[in-house]
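Summarising the annotation, TrEMBL assigns compositional bias 'Basic and acidic residues' to 87-102. Annotated domain 'EF-hand' per TrEMBL: 226-261, in sequence order. TrEMBL lists 64-102 with the feature region 'Disordered'.
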């Protein structure tokens, strides 16, 4: 009877023992795999990551898709029509072409030097800056506040670009070319090269309409010491859409493009009148 009881209990305990044995075997197998994973060197095809049971690996394909795509480098095109911040190309920075080396660009700067040399003595002085300011103040239509602001801008421009205000601080053509070459290749200075242009525009926008006509553009040239015939020719070139009007934005952009563009066909070449021959 005791034997029968023992056999009956043993049969009932056997399934439980087998289940416990399977669990123990699975645990030992998992531990062995984890140990092997810890000892295994990082694979070239995967990324090693940590975990609660050792180190595992993330496939290279997953890493590639997880990487954020780098944005292409933005750079300006040295031969573009303009150097506005939103007009850039894909040229790497190390391949950017320096501005201001073409003979055409130098010709434009010599033209502007002649315009800024108001008293026509062959050099630009602070007196020339003030004479030009007074011409626009007297012939133009600036109110008292705008006149004072214009004088301050011209004074600041002279001091920052040419230095102290003395009768002996004179800028020759070659000095002007060298300085403007530096300006158009300097990111910060280039942004300031056209800051006086809005005051020239306001001075000739007689009716305050926000755009200037050929008649008002002739006044602009007269303030520069140029002829009305020159004004008519230049206006015909720079008025690209042929509407007979130039807005403030167009005026400022054309004036800036004159400094930075090296395209001989660009309309801004006529902004300061006919170019000198040499």
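The backbone N, Cα and C atoms fix where each Cβ goes, glycine too.
TrEMBL labels come from automatic prediction, so no person has curated them.
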For the domain 'EF-hand' (226-261), mean pLDDT (0 to 100): 94
Helix-strand-coil residue split for the domain 'EF-hand' (226-261), DSSP-based: 24 helix, 2 strand, 10 coil
